[in-house]
Ligand SMILES: [Zn+2]
Ligand SMILES: [Zn+2]
Ligand SMILES: [Zn+2]
């Protein structure tokens, strides 16, 4: 595995570049990621390029022995691009323009900006073409960051209408699929369709789901356009993009299909603070991050990547600037996070950033160097990780368990939570965490992925079920856990005629005849477990597995399949998953809450998120 | 009392209609409500009507022996209506258009839409005219749902100016009445008046009160236009409309004056979840609804209805889709709710809806049938309720106590809470609940209603007091409880020259010389009671009734009248009301918190909201 | 010290004026503040003035022996002013116009409104010119109230561009100073700069800081224009303006530089309720106000005033209307607040308002008279305070301790809290409170103020440090406490090359190499103290002063200077300050939490905020 760093030479005097490159190499870094925010320096005036400085950067880094990951600068078009076509900015859900002054101020559907993005991509690609220093291209930066996938602009509306016409063929089919008769929402032509924002009350969930799919497709085609140019102009380089944490704005399976390597940006402390962890977890893991945050994304994005090739394109090296609170990692955590990535099979961990920039939006974001160029604590940890890696020879992944996740599932629970906060993503995270607490290797896989080699498969919450999944599960000889709402919808957000779990009914051995969502405090209590949040009434041949003191059945069992009738969280899903692991012949006793394992090849990595220690054992 | 159901034949194949009708009759239902969202099927293209399907629906239902309640489809104008006049949509308080894509996307003040609404109403009314299947007409659907009464559009502004000119005559009178000199807000003509939204800080409360009255009047006149057409084109049918729960956007007394029967839509579990109940109540009554939710509205709307004729046009039959959390009712609750409505004198309880529709916004809303046409639990309960009703012969209402409520009172506490969350509606609910906990029949009456026949009258919070009320209270020989802020304002939101309680001063035996609002945690504590939220300093001849340990007087007594100087909630108002009940010779010991009584004729209905049991005794 | 009252004769019949004036004098009042909202009465039609009534008011008040403070009416332009130039209103951060219907509906950058404001100011000033009744002029009213300093209008944008050109000279210098290279935010001309609102994610903090400075400067120049006219047309009168509580929208040092006397409006109960006090404090001091609220502002504004001349232009006399909850003061509090102002050196305390107005926005705001003209409780307290003052002869201020505060510091912590809720203003308040709990006199001073005469100086949080401050601190022979983030930024929000505390490093004896912000619940615990919220890693010669059980150093000591590495709040900063007070030879044992002292001349005033008693001792 390579180590690298994100570097912004345009922030620093040219006289410093060689020293930076030398110090990177001395630290054990072999990759350097540059260029993704530099449009205003590359093309300071429309059509007037200034390549000199970047040529010298590339040569300097290359000369030092660093392989360069070059970004296309399309996430930050300069002001003159915006001024030339002010309607290129996205409109937010309230119809307000999202203007210049930070980044990502473009609408994915704006043809004019697409042309500009293609032009600057081609210019950069042609310039560095076959330069031996360039090992990879990165498209844009963090698609969707700051909630930028959805735009409610006229450009988006027009593109959405075309997309709908393509998908549905006739407006009558659209009306039928969406059930538009419901509130006289029937359209007479695709040109009558509006975007689903600013309706009086909620828009049709089918309308939202189509808009989410469309918005995702716009990202994918925007990216594809760059990929095509890069492959044409600079063949032979890997193409990558950096995904984010707990982010589902577009379908990463679709995006990754056009990439060679899927990257992601790992900020365990920031994510702990900003996402759905309990107050107690936020305090307990404030300096280490919850033990499953990084691992979950490693496994998720490995599952999304075309050939399983993935990397960490940004790794938190110290406090960040953007969370509600920004503590420092424990000494040892940066090294631990690096080895956790290795244990999951990363090709690269690249620290963000080389040197803390004393100005602008991220001035409080730590780097490997402080603003004054002295070493920050992470520099020595990167060096230590490089030493660790030198003695590690790789090793094949080991399959034990899998969690099935789809982006559309998350869109659907967001569109229709039915009970406040219900989320397929977080259901997946809790199931993942339950498995990992048992010390298991976990893959997170596409619904149509082959299931061979696993002993246990969990489908936490998958409203739309494909025939492929059904066939794979039927053929599967391990244990299966299926969670609520699985098989509850058709492709257009309709309830299937045979009700949930629809095509899974034979496997589950039952039909869901009624679903309730429950407020916090309502629960089914059993011996050492408590199930809450949701309750499916199931009728069929399945046998009750867990029955509460109130007599309600919280989980059902039918051959190899368990059905979780309550929301897959907490002690309840931990128990269901542990029982399935036992039946699968897998380890089934939970580790301490701050310890996690990961086996790669013949090594077992033991990560202690309390002491920041890593132990490497024979597997 | 009839039982009925809300039915959307346009959702289902024509081949199913006769079977549905047969099953309705078999279930004991005699009424069916249809048509209110079907505009796009009735008039799929501008001016091109498709009556065939609806004719066949009407004939099929009629043939099965069902009486039809036909809705005018004006709550859901099709897209082509909107596209023909895009400015027909309301603007929200932030000035954003409330567009097509759900329902109620019209501004009550838009003349063009008023013309369209009249046109389609006349078309439907003329079509079914004297069809023997039609027993009632329903205008539109749930006026005000999704906060749609107030519109901040240019159409609303222009109509508001005309309304003001009509009401005030001269702008000088308006300036004087509102006290516009205060911040140089004086207008030189009615054309200078703007809507009260988007001001820098709060607008004049008199301005808001006028706008609330205007907005209510626009609903009333919009409805009246349909009523006039229906009476002209289809004479001899009852005309009704369906009001909502805990909703005060327009004055229901005014609306009901034009209707024969006032309906309302009863969703006890949804309302429990979405309105101001405590966390503890929301858990305790999650599967039954707080025991006073349905009863409060039965009594409120009976008091609003022109001749006391009212019905439940929608009754929750299972989980709904629109609350924060959506649990299922206890087995037995649907029957209990039905009998509670009977005990309060409803003419009809109509379940919403016949069959769960698997698509669009309300796909998770239960029906009497599941989406697959199999029976949902409520079907058997409806059948059981029909059996219960067969042996019940009606009976006169029995008067014991009354709560006085006006919509303007609620508007005024919303406009000027003075202490966070103070609400005349919720003051009324708490007083109502205090009375009902004593096992009493309670009427909720208009401020000018006659008070004969009651032993106890409570005026929870009535800023504007009429001469009629004063005369009625003076002549009244029962006990009276008057709450804070009563008599505190004139018609234009001004403090009267003699201060609160103004015209009630002789009855109360005191004058309020100072009012305080208190944050939670500040309270007057007495023996077994705790008063909070508000504190009026009273001077006059009245005698202290409840005095706290701090020496403050929480309630005063003057002959038959008690004055509650604190906010009418909790153990404090329970005690004041119980003491007044004692003096009135009424039952005064509280029932268990989950049990309620209602006497109709010579029967006493005992409702247990914990076990979902109903017991019918001799009164 | 004079006592006065705010009076709105335009609310009352002319026949009442003389009686009001007589009663004011009988109450012991000698000043009366009028006119600031009366534009619509002074100029009811464009260019048609009605001076008669105001002439008679002025003559009547003067004849009664009252000195008049006359306000310019520019805070409430009449509707016709707005209708003549609708773009004169401010736009809020979301781009919505802030329209007519309340007050302060103008953009400070609108040239047309500036001309109108100058015109009406000149008209009033020329009218009353040398009238002997006029003792002072007040400009406008509460600049910034309702968040009105910042406007995001085209007028503001254009003015901002000019301001930037003036400040930075070249756009290249601006780009360099702000670090605009960061996200390709570089401008090619000042005309490319937009306002910092409505960006996709946060704008550059340097951009915001410039906009905050610009917005403040616009207030100052708007005010200056009126001051110039008043000095020209009505020379020899004091000019004042009324500032607010816990308000930092503009730099009060800059504004006060153009005034003779800086006034402020003191509402201890409203401020307690609306600002950052704990629930427990809000309950405990609900009827008295937290003991440091009024005092903090007295000392803050005395420090801002040009020659130390300041006054209370509005003093709460009973419940207000605008807080979340509005309780009444304890009997005695109005007198206590009056004497607290005296003890801090006020020239005037003016009660707001004379008589409660029964209409419009503030109808629930108490006065000295009730709406019916009978005395409210505060009237007698004002009379008692007048008697107290008769026997008090003034006396020089006594210097003990100082807190350094700058408005830019607060802007910077608002722009970049880095940890949720971090605020330089509240850091100052907590340090102030810690000092005052020790019974000390505290001054709040400008960073460049001389420090002679103090024994202890606290710099709670001052990102930008001037050379003057460094020189003053070096020359200072008392004890110094410096808080986190001091010296952490340059003038354009950049981190200085030598890191924090930059120029203070020699004094502090250390450099901050890393800063963390911590969520509530993370803390350093020591013996009787708990430090939280922030943690600076310090390296240097300073010695640990307070070390937690975890081994982290919460405060450092280096000669006379202590450095607080954690957020200056709670038991931690109380202890650091008390230890510094001990070393400074000052009293260092805390008073009871409801008692405060203030020494003026040879008197020590002891204020008991629990019993509302004031005791005057020999100092
Ligand atoms: Zn075991
Ligand atoms: Zn009794
Ligand atoms: Zn001591």
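Glycine is treated like the rest: Cβ placed from N, Cα and C.
As given in TrEMBL:
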| type | residues | note |
| --- | --- | --- |
| ACT_SITE | C:142 | active site, proton donor |
| ACT_SITE | C:314 | active site, nucleophile |
| BINDING | C:103, C:141, C:322 | substrate binding site |
| BINDING | C:107 | Zn(2+) binding site |
| DOMAIN | C:6-391 | domain 'Glycoside hydrolase family 42 N-terminal' |
| DOMAIN | C:400-586 | domain 'Beta-galactosidase trimerisation' |
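Locations of recorded TrEMBL features on the structure.
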residue: C:103; record: substrate binding site; contacts (Cβ under 8 Å, 6+ apart): C:37, C:75, C:76, C:141, C:145, C:146
residue: C:107; record: Zn(2+) binding site; contacts (Cβ under 8 Å, 6+ apart): C:88, C:89, C:90, C:91, C:113, C:151, C:153, C:155, C:156
residue: C:142; record: active site, proton donor; contacts (Cβ under 8 Å, 6+ apart): C:75, C:104, C:242, C:243, C:244, C:265
residue: C:314; record: active site, nucleophile; contacts (Cβ under 8 Å, 6+ apart): C:6, C:242, C:265, C:266, C:267, C:350, C:351, C:352
residue: C:322; record: substrate binding site; contacts (Cβ under 8 Å, 6+ apart): C:270, C:362, C:365
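If you draw a 10 Å sphere around the CB of residue C:141 (substrate binding site), it holds 24 other CB atoms from the protein chains shown. For the substrate site listed in the record, the two most distant Cα atoms among C:103, C:141, C:322 lie 17 Å apart. The average pLDDT the prediction assigns to the domain 'Beta-galactosidase trimerisation' (C:400-586) is 98. Chain B comes close to C:103, taken from the recorded positions C:103, C:107, C:141, C:142, C:314 by a C-beta to C-beta distance under 8 angstroms. According to DSSP, residue C:314 (active site, nucleophile) sits within a strand segment.
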